[in-house]
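Lifted from TrEMBL, the feature list:
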DOMAIN    1-52  domain 'TRAM'
BINDING   Q248, Y277, E298, D342  S-adenosyl-L-methionine binding site
ACT_SITE  C369  active site, nucleophile
Amino acid sequence: MVTVGAPAHGGHCVARLDDGRVVFVRHALPGETVRVRITEQRSKYWRADAVEVLEPSADRVPSVWPEAGPGGVGGGELAHVALPAQRRWKATVLADTLRRIGGEQVAEDVAALTGGAGAEVEALPGDDEAGGLGTRTRVDLTVDGAGRAGMYRFRSHEVLALREMPLAHPALLELGLLGEDAPWRRVWRPGARVEAVAPSTGEPMVLVDGEAAALRRRSGPPRRAVRERVESSVGELTYRVSAAGFWQVHRQAPRTLVEAVLDAAGSVAGARVLELYSGAGLLTLPLARAGGAVVSLEGAEGAVRDARRNLHEHPEVDLHAGRVDAAAVRTLGGGAGVVVLDPPRVGAGAEVMSAVADLAPETIVHVACDPAALARDLRAAREKGYVVRSLHAYDLFPHTHHFEVVAALGRAG
Ligand SMILES: C[S@@+](CC[C@H](N)C(=O)[O-])C[C@H]1O[C@@H](n2cnc3c(N)ncnc32)[C@H](O)[C@@H]1O
């Protein structure tokens with residue numbers, strides 16, 4: 001039995017045993033007294049699941065997805081927490097991570113921006129009304145040994161067949177992928193990887209081991225891409241995206257990020273804009289529409305092919321396929337007034353951040369899906385004389401511990 005303390009990065013709360021040992025407890029809430037099952041013992045800390053709640057928090061609600069509860073699949077570790085409390089949890093983790101990893105100066109920059117309160121994590125439009133459900137337009141499943149679609153048990157290679165996916169967009173639920181009677185069972189084999197995509201326009205799509213799959217024979221070549229439409233302050237943006245390629249998962253995420261990045265970048269008209277980790281061009285297109293002379297760099301060649309199509313009305317945009325590293329930043333970034341970067345979960349890293357700062361842009365816009373990586377990158381920029389000028393956090397992944405941050409940095413002084 002333990003009383004758990006504050007949340008920490010990774011979707012758990014921190015508890016201390018009488019002997020001082022630290023235990024990271026999932027499926028609990030700060031302040032709760034719970035009975036735990038130890039799931040992993042390391043020399044420096046243990047991991048545990050709360051399996052019985054003795055003194056519940058006022059923020060506890062019946063889980064919206066019990067299959068992601070103790071012993072269940074990953075991807076819904078805050079499903080037992082009321083939505084406003086999920087966002088307070090994430091704001092606490094953000095503030096703590098920025099201070100612990102980003103350092104005092106970064107923490108002070110953000111405190112000064114928020115009157116000492118720390119950044120809030122904002123809900124996306126419609127999420128409160130829908131209970132944070134039905135937001136995910138992409139789901140990844142794995143087929144178990146009996147041919148049923150499921151997900152991995154948390155920190156395990158065991159596939160648990162799923163009965164429900166309340167976080168998935170309704171269009172994906174209508175595909176009938178789950179359950180003993182799923183018609184798709186004749187299409188896939190045990191061990192297959194199944195991706196389902198619900199684009200903002202057109203039919204949903206199912207990929208089995210990376211190939212388009214259908215229940216009935218279709219005429220014509222197999223579909224490989226979907227179309228996405230984003231309303232934005234620089235007009236309606238339309239994109240072609242390979243179904244297996246990266247696209248923001250929450251239905252409202254593309255619009256939210258486009259607006260946040262345009263806002264953070266300030267006026268880009270006539271400015272040279274270096275965009276790193278540019279994907280299929282979600283941010284490239286609005287930056288070009290806003291008058292930026294954009295040079296972009298993305299590692300996935302398929303995404304760059306999509307970006308070329310998506311930017312066909314902007315032949316002036318200079319799209320490059322290749323790895324983002326310090327040398328590439330130096331080669332492509334000369335004269336950049338604005339740098340926008342949207343790295344994967346690991347962040348850009350100190351070398352890339354240092355090379356970006358050496359370009360001496362007026363503004364650096366960092367889009368981050370991991371607060372620890374963000375904090376490391378902000379620290380690196382801070383050490384090169386950049387301060388945080390704005391920072392907004394968005395709850396792009398309700399019922400999980402994940403969230404997104406858009407930060408703008410400018411030169412100190
Ligand atoms: C978070 S996504 C952002 C894409 C785009 N901004 C969007 O919102 O759709 C990160 C992108 O970085 C690319 N990427 C990851 N590591 C990379 C690297 N070392 N060099 C270049 N691109 C990389 C991925 O292929 C992916 O498209």
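Note: Cβ is positioned from N, Cα and C throughout, glycine not excepted.
Separating the Cα atoms of Q248 (S-adenosyl-L-methionine binding site) and C369 (active site, nucleophile) is a whole-number distance of 11 Å. The C-beta environment of D342 (S-adenosyl-L-methionine binding site), restricted to residues of the same chain at least 6 apart in sequence and closer than 8 Å, consists of L257, L276, Y277, S278, G279, L283, V367.
For E298 (S-adenosyl-L-methionine binding site), the same-chain residues that are 6 or more apart in sequence and have a Cβ closer than 8 Å to its Cβ are Y277, S278, G279, V304, A307, L319, H320, A321. Note on Y277 (S-adenosyl-L-methionine binding site): other Cβ atoms within 10 Å of its Cβ, all shown chains, come to 21. Note: the residue listed as 'active site, nucleophile' has non-local neighbours P344, R345, L396, H402, F403, E404, i.e. same-chain residues 6+ apart with C-beta under 8 A of its own C-beta. Farthest C-alpha pair in the S-adenosyl-L-methionine-binding residues Q248, Y277, E298, D342: 16 Å apart. In the predicted model, the domain 'TRAM' (1-52) shows an average pLDDT of 96.
All protein chains included, Q248 (S-adenosyl-L-methionine binding site) registers 23 other Cβ atoms within 10 Å of its own Cβ.
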